[in-house]
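First comes the structure, then the notes that go with it.
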Amino acid sequence: MAVTRTFSIIKPDATRRNLTGAVTKMLEEAGLRVVASKRIHMTREQAEGFYAVHKERPFYGELCDFMTSGPVVVQVLEGEDAVKRNRDVMGATNPADAAEGTIRKTFAESIEANTVHGSDSEENAKIEIDYFFDKDEIVG
Ligand code: CMP
C-alpha cells in the first residue's frame, strides 16, 4: 500500500475544549504521521473558499460561521492509504452514526461541531493541502 497524504482540520469545538492533543493522539495511533501542523483562526474568506463546494447547501452559512468561531488546527497527515485511514478513524459525519472508537463518536457534539474534517479523496487532499500550506511547511 502506497504512503500518501491527506488534509485534516481539528475544528473549533475541539480547540475550545482543549482536545487538540487527544485528537492528534488518535490520528497517530491510527497510523498517521503529522508532517505539517499550524493553529490558525480562519478568515471568513478562507472558510467560504474552502467550503465553496457546499455553497448551495442550506447549512453553508452556519458552517462558515462555525469554522470562523474560534481557532482550528490544520494538518497534513501521511501514512499508508492516508485518505481512507483518516476517514476510518474520524467516523461518520454525523456523530450519531459514527462507530465506537472513532474520533467523532468519542468527541463530536453535533453534525456541525463534529471535531474534525478530513479530505474525501486524494485529488481533494492535494487541493486542500495547497489551500492552507506552502511546500516548505510540510516536512515528511
Ligand atoms: P466536513 O467534513 O468539514 O465537511 C462539510 C461539513 O458540513 C461537515 O463536515 C459537517 O460538519 C458540516 N455540516 C453541517 N450540517 C450538515 C448537514 N446537514 N449535512 C452534512 N454536513 C453538514
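Quick reminder: no glycine exception, Cβ is built from N, Cα and C everywhere.
The annotation active site, pros-phosphohistidine intermediate is assigned in TrEMBL to H117. Of all Cβ atoms in the protein chains displayed, 20 besides its own lie within 10 Å of the Cβ of H117 (active site, pros-phosphohistidine intermediate).
The Cβ of K11 (ATP binding site) has F66, M67, V72, A113, N114, T115, V116, H117 as same-chain neighbours under 8 Å, each 6 or more residues away in sequence. The ATP binding site feature in TrEMBL is assigned to K11, F59, R87, T93, R104, N114.
What TrEMBL lists as domain 'Nucleoside diphosphate kinase-like' is 3-140. Over the domain 'Nucleoside diphosphate kinase-like' (3-140) the predicted model carries a mean pLDDT of 98.
When every Cα pair among K11, F59, R87, T93, R104, N114 is compared, the largest distance found for this ATP site is 21 Å. By neighbour count, meaning other C-beta atoms within 10 Å, the densest spot among the binding-site residues T93, N114 is N114.
When the domain 'Nucleoside diphosphate kinase-like' (3-140) is classified with DSSP, helix, strand and coil residues number 64 helix, 28 strand, 46 coil.
Other Cβ atoms within 10 Å of the Cβ of R87 (ATP binding site) number 19 in total over all chains. Among the recorded positions K11, F59, T93, N114, H117, residues whose Cβ is positioned under 6 Å from ligand 1 are identified as F59, T93, N114, H117.
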